[in-house]
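Engineer: Heads up, here are the entries from TrEMBL:
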SIGNAL    1-18  signal peptide
DOMAIN    107-257  domain 'Alpha/beta hydrolase fold-3'
ACT_SITE  Ser189  active site
DOMAIN    311-373  domain 'Alpha/beta hydrolase fold-3'
ACT_SITE  Asp341  active site
ACT_SITE  His371  active site
Amino acid sequence: MMLKALCLGLLCVIFVSHFYTPIPDNIEESWKIMALDAVAKTCTFMAMCLENMGIMRYEEFISMIFRLDYTQPVSDEYITVTDTTFVDIPVRLYLPRRKSETRRRAVIYFHGGGFCFGSSKQRAFDFLNRWTANTLDAVVVGVDYRLAPQHHFPAQFEDGLAAVKFFLLEKILTKYGVDPTRICISGDSSGGNLATAVTQQVQNDAEIKHKIKMQVLLYPGLQITDSYVPSHRENEHGIVLTRDVAIKLVSLYFTKDEALPRAMRRNQHMPLESRHLFKFVNWSILLPEKYSKDYVYTEPILGGLSYSLPGLTDSRALPLLANDSQLQNLPLTYILTCQHDVLRDDGLMYVTRLRNVGVQVVHDHIEDGIHGALSYMTSPFYLRLGLRIRDMYVSWLDKNL
């Protein structure tokens, strides 16, 4: 009996030491967040174990969990919800039922999920897009782009761009009663990456008649050129999303080869010919002093990979690499960043770069924010933080779109 108790105690100690992440004092609902973090890290641990045993890949196990949260397109008295396609790209469409004397606003939303997981059908994103459509009396489109690693870059970008270009056609805008001067592209996390890249492309393409009025980027991931930015160091073992998991997911966006995440962890993954891009992600210049703190900047080491991946130097994959001339034509931009987030500095650097070229930017920083908060807006995993970010997002849209 004593031996069993000792073994159980030892297992508890190992569990706590492996999954426990200290929660900052300013975090609201700290016990709930601690539990959610433990669940996330437990799932990651199980997925890695299954992958190491050769049973299934990490992303396959996590995808199974995500799919349990998918919903059917259920309409209600205010909104008609349908699953359809835009040029073979699956989308979930939200159309207000009440009559309108004028054309409506529209929001195109790209869901997060590290390029590998998720869908507009997820309970939280369905809830968010339905709420947006009802509150704004707006047409909302949730885009279900192809996922990695079954489909690598540029598949996700191409799907997003194709869906947006289709929606911007005059006949489609007329069909859904959308005002072509009041369209927004939004996204969170990796979806924020796609929203950024697609907006850059649309605004700089002379052949696209209708342009975007604004873009909304919610804790976006915009670069992996430098994997030693301060937020990566501060949140290496961060809440819900750790540095290792972030690197693994963005690596799968490009390739299944394990050499890439190994090189990324050492900040040695960029190809030899890429030094000219470092100025676009130089956090020692682009970050406010409050966030750069006493960290010392060193350039990423070139040539750590034995081969070159074109996507690593492509602004369609990493939109913070876009040059200034590509940024000058961008519309009004709202960026939300979270303090306790490994991706925090990507959004902060983009705020600086856009303002430097004269783009109007509104920036909100959530001091008690964590990555992925919008995924926790529905029972049983709802957080007041997620609902607060939802309200900030929708309120800003209502005032500006």
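Counting begins at 1 with the first residue displayed.
Just so you know, glycine gets a Cβ as well, placed from its N, Cα and C.
Note that the coordinates shown come from a computational prediction; the quantities given were computed from them, not determined experimentally.
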Engineer: Residues with Cβ closer than 8 Å to the Cβ of Asp341 (active site), same chain and 6+ apart in sequence?
Structural biologist: Tyr219, Ser231, Asn235, Gly238, Leu241, Gly369, Ile370, His371
Engineer: What counts of helix, strand and coil residues does DSSP assign across the domain 'Alpha/beta hydrolase fold-3' (311-373)?
Structural biologist: 24 helix, 19 strand, 20 coil
Engineer: Over the domain 'Alpha/beta hydrolase fold-3' (311-373), what is the model's average pLDDT?
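Structural biologist: Its mean pLDDT is 98.
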Engineer: Which residues of the same chain, at least 6 positions away in sequence, have a Cβ lying under 8 Å from the Cβ of Ser189 (active site)?
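Structural biologist: Within the chain, Ser189 (active site) has Cβ neighbours under 8 Å at Gly112, Gly113, Gly114, Leu218, Tyr219, Pro220, Gly221, Leu343, His371, Gly372.
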Engineer: For His371 (active site), what is the tally of other C-beta atoms lying within 10 angstroms of its C-beta?
Structural biologist: 26
